[in-house]
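Listed features, source TrEMBL:
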type	residues	note
ACT_SITE	CYS2	active site, for GATase activity
BINDING	ASP104	L-glutamine binding site
BINDING	ILE294, SER367, GLY368	ATP binding site
DOMAIN	2-215	domain 'Glutamine amidotransferase type-2'
SITE	ASP369	site 'Important for beta-aspartyl-AMP intermediate formation'
Amino acid sequence: MCGIAGILRHDERPPDRGLLEQMLQRIRHRGPDGQGITDHGRCSLVHARLSVIDLLSGQQPMHVTRTDNHGPLHLIFNGEIYNHHNLRRKLTRRGHAFASDHSDTEVLLYGYRQWGQDLPKHLHGMFVFAIWDEDEQSLFLARDRTGKKPLYIQRTENDFRFASLIPALLCGQNTPRINRTALLTFLRYGYTFGDGLLQGIEEVPPAHTLHISRHGERRTERYWRPPPISKSITRLGAVDALREVLTESVDERLESDVPLGCFLSGGIDSSVVAALAQQQLKQRDAPSLRTFSIRIPGAAYDESAKARAVAQHIGAVHTVLDVQPQDIAENLRHIMRLTGDPTADSSILPTYWLCHAARQHVTVALSGDGGDELFGGYDRYRAMRLLRRHGWWLKAIPYGWIPGSSPRALTTKARRLLEAASKGRKPAAHYHDMIHLFRDQQIRSLIPGLIETEPIDAPQVPDWPGTHDRVHAAMRWDLEHYLPHVLLRKVDRASMAVALEVRCPILDTQVCDLAGHLPDPVLMPHGRPKGLLRQLAAQLIPRHISRLPKRGFAIPLGDWFRTRLTEQLHDAILTGNLDTLGLQRRPIAKWFDQHQSGRFDHTHRLFALWQLALWNQGNPQ
């Protein structure tokens, strides 16, 4: 894995070399094995490499020279192209001569020569890349289909910038003002969508390309969408089809010139990935798969025994990594310094600890990320189904008396279900009540005037899919927003903080296309979360484990807020740090006191405010 950055001047002057060196420093942790800066007139490219494939010939920035028919191209790339061997064969048959043995980076260069801006349509993998066409004086950027790798952009007075991380964009300039719309989005959902918290910072959306012409004209195009539902696929046929495409996906992701392992929590997703990976390695007569799980003192649920049982069943070599969280506050500050954007998902901490511990053993790890979004693993999908069928009478039940404590508590889920039912027949409003972090009333008390123009009974869920099937719409919305902006952002930040490459076989293009075709009754037969994936799991792992309910990657953060982290949390959110953002202390103090007394569980809201405070320290307003 790697980090990339670059500058394209609006005039003919070359970018400032000192500025490029600063950008390199901001992304160096993502690629400790090699760094490079190349200048091409008014465009300069910056790269930090984590060597995984073709260790000797894959250095970047990479170039192809002028030929009779083509001008020079210069490329930087973050990610892996899993079908690069197949593409190399196709390109060789069309006359392209490769200098390397098996570099996927070089495949991108010759693929661009062959297919131009249609290149991303041919790629299976996780990627962002930038190609500077020297003759055309044009810049081409592309991001993978589900947003596994980040790509931020900014247009300043003198140049256009792009980078894997926001801190690299901000080199050499004053901190921009806060984006109030993005702040509202963060408070509502715990993350931002395409825009960053700072004005002028954007993210190239997943499955999109961006082309900047010689004259500065910007053209953004989408090259992939989830396919429409097909009613013709049977449940039995779907299990066989899923096993076929997922086996191929796992097999492609086993290629590595450095040590490789697999995260194994004992849950359905990672267990299926690990089982298929071990089968493929056994067929190759390769050493058994190495699997890793962590054990955290005080955690509400310890999955290490279940993970060990799965590993023993499939024949993997399992390691339980005991994590002793020491300076949790410093861990959060460290991640924020590196990444520059907050997240309200507290599972970034155990994800970071897992990646840090696994990195002592391997450089590449497979994971089970994406199973919930593609195959219906969240309780909120069942709630949307209940609203579809029974919303007409659920809306008559009062909900104000039901306490809303932890988001995972049954009382909170019941309250959110009934609150959603009270919104009538607006699926987008229903889903807002399934996923919100702060309710609009709470945001009004937190920042008076921020959403005064919006009625309380019309929450905004942007880009809601136009379909009558609200369960399918919710899953599509999560695929477009929650998956790239929460889950994959978290995995990228936590893993790249320790230079570990994480690969997600479930999010392969063919798997996504298959899951997108399947109707709700096939994905979740009888309303059972991940029912189809569980049927496949039953063929691969102990049957009783395939039937167990989903458990999140939880840590006892709420308890820590009442004990070891009380002082740090108080100092972060109640001593003026958030004042400059316009947040009022009175509601924050109320939630803090309610949590300390044990009357309410405000863990997720307090963590979000802590993240916002840490972010504000590095981006003072």
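Glycine is treated like the rest: Cβ placed from N, Cα and C.
Annotated features, which come from TrEMBL, shown on the structure.
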residue : record                           : DSSP class
CYS2    : active site, for GATase activity : strand
ASP104  : L-glutamine binding site         : helix
ILE294  : ATP binding site                 : strand
SER367  : ATP binding site                 : coil
Task: May I ask for the distance between GLY368 (ATP binding site) and CYS2 (active site, for GATase activity), taken between their Cα atoms and rounded to an integer number of Å?
output: 21
Field: Integer Å distance between the CA atoms belonging to the residue listed as 'L-glutamine binding site' and SER367 (ATP binding site)
entry: 21
- line: When pLDDT is averaged across the domain 'Glutamine amidotransferase type-2' (2-215), the result is 93
Message: I want to check the contact list for ASP369 (site 'Important for beta-aspartyl-AMP intermediate formation'): same chain, sequence separation of six or more, C-beta distance under 8 angstroms. What comes out?
response: ASP269, LEU487, LEU488, VAL491, VAL502, CYS504, ILE506, LEU507
Message: Just to verify: the residue among CYS2, ASP104, ILE294, SER367, GLY368 with the fewest other Cβ atoms within 10 Å, which of the recorded positions is it?
response: GLY368
- request: Rounded to whole angstrom, what's the largest C-alpha distance between any two of ILE294, SER367, GLY368, listed as binding ATP?
  value: 15
